[in-house]
Amino acid sequence: MDDYLSVVVDPNEVRSTSGDLLSAIVPLMKLLSLTAIGLLLSHPKIQMIPRATLRLLSKLVFALFLPCLIFTHLGENITLENIAKWWFVPVNVLISTGIGCLLGFLVVIICRPPPQLVRFTIISTAFGNTGNLPLAIVSSVCHTDDNPFGKNCHTKGVSYVSFCQWVSVIIAYTFVYHMMEPPLEFYEIVEEGTEIEELVESDDNDVSKPLLMEAEWPGIEEKETEHCKAPFIARVFNSISNVSQSTFPDLDHPRDGSTSASAYPESIRCLAEPRVVRKIRIVAEQTPIQHILQPPTIASLLAIIVGLVPQIKAVLFGADAPLLFISNSLEIFAGAMVPFVMLILGGMLAEGPNESSTLGQRTTIGICVARLLVLPVLGIGIVIAADKLNFLVNGDPMYKFVLLLQYTTPTAILLGALASLRGYAVKEASALLFWEHIFALLSLSLYVFVYFKVVI
């Protein structure tokens, strides 16, 4: 009988399983401890870290700590050869977003959210956190010397995550920005109801608005444009007879009273621009593509330029680099990124869920299940298939781990900032992000263990 049990239950295998479980849970417990400290210190009953301080910390992370982390690690590791090897990392962001959109459609069909929140349901399922949270998880996993990824764990992990930052930012300021456009029906209600209009306006200018509105995009109130809170695409692509011209000025003609023929050069007027092309051009002109050049994105671009020019790279990186003290100084700043990010997250959670959300409990659960439980399973299949097709870096488990994290993280906090910018689903975004990050503790523990045990 003992011999039988020794065959069925291998003690070495049990120890290995428990070791993998600890390796998966302990890094997340470190992050949880940092978040709990932030939650405790910023709790309304304690207020050792007031909201104004957390806003300042978010600006420091956005403008200093995160760019330093990206530049120091990506600049040291990026080469032309590595770009050819790492191409699947940004492509995987597009794939995960596309699959997330399909899951969002299923959530809409099954859970039936309010009609005005259909697009919000889809995009919140699709748009995951591929920046701050994966960087924090990678840093926590690589914090110990006995991590499963080797001695270059942290440098490689941060480089992989940073390499896809530009794709995530482009998606945010193009696809997500337009998906978060207020529905036409919602805009008409606001126009007709004076009291509602005043309420929305006062909410935008409220200094006590949720911290998540600026957690990943500080100074968002300065980015508002003329049409950012209007159903702009609906105005352009549909004939709207019941909306006054004063509400939506004619986009096809200039406002100074001149004719459209005099507004364009002769060479353009000779070419009869198709109506559909003109509408697409108008929408493209109103897309805030200029906001892509934010400090983290600029740091990524500079790191790629430095890494691809050996002469510049030799000046900043390496034991004999004459300006090594500069890169070392940036590394010191970079070390503050993870603890401050988790403190800010704790401050967000201390505010609690927005109880005035109209999304509904069923839809909230549906988004959490689709984003945190179903999408990671599909991500495992995608990564395994890509590995068999030789799309991945051979023999590099950290590469697979970063790809899998892109399917595992909750909805990006940046969605809350975009909701505030567009004036659409602000309360719903606040409540959804709160519950997703609460449930993500369990789902991340589960799937990180699965990645350590099965995939990696």
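A Cβ is built for glycine as well, from the same backbone N, Cα and C atoms used for every other residue.
Unlike curated entries, TrEMBL annotations are predicted automatically.
TrEMBL annotations:
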TRANSMEM  21-42  transmembrane segment
TRANSMEM  54-74  transmembrane segment
TRANSMEM  86-110  transmembrane segment
TRANSMEM  117-137  transmembrane segment
TRANSMEM  157-176  transmembrane segment
TRANSMEM  301-326  transmembrane segment
TRANSMEM  332-352  transmembrane segment
TRANSMEM  364-386  transmembrane segment
TRANSMEM  398-421  transmembrane segment
TRANSMEM  433-452  transmembrane segment
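Taking Cβ pairs closer than 8 Å, the transmembrane segment (54-74) reaches residues 42, 131-132, 135, 154-155, 158-159, 162-163, 165, 211, 214-219, 294-296, 298-300, 302-304, 306-307, 327, 330-331, 333-334, 336-337, 340-341, 343-344, 347 in its own chain, all 6 or more past its ends. 21-42 is the stretch from 21-42, 86-110, 301-326 with the greatest number of Cβ pairs below 8 Å to the transmembrane segment (433-452). Beyond its flanks by at least six residues, the transmembrane segment (157-176) meets 69-70, 73-74, 76-78, 86, 89-90, 92-94, 97, 123, 127, 130-131, 134-135, 138-139, 141-142, 149, 287-289, 291-292, 294, 296-297, 300-301, 303, 398-399, 401-402, 405-406, 412, 414-415, 418 of its own chain at Cβ-Cβ distances under 8 Å. When Cβ-Cβ distances under 8 Å to the transmembrane segment (364-386) are tallied for each of 86-110, 332-352, 398-421, the top count falls to 86-110. Remote same-chain partners of the transmembrane segment (332-352), defined as residues 6 or more beyond its termini with a Cβ less than 8 Å from a stretch Cβ, comprise 31, 34-44, 49, 51, 54, 57-58, 60-61, 64-66, 68-69, 72-73, 132-133, 135-136, 139-140, 210-212, 215, 413, 430, 433-434, 437-438. Nonlocal intrachain contacts for the transmembrane segment (301-326), taken as residues 6+ away from its ends with a CB within less than 8 angstroms of a stretch CB, comprise 70-71, 74-80, 83, 162, 166. Scored on C-beta pairs under 8 angstroms, the neighbour of the transmembrane segment (117-137) with the top count among 21-42, 86-110, 398-421 is 398-421.
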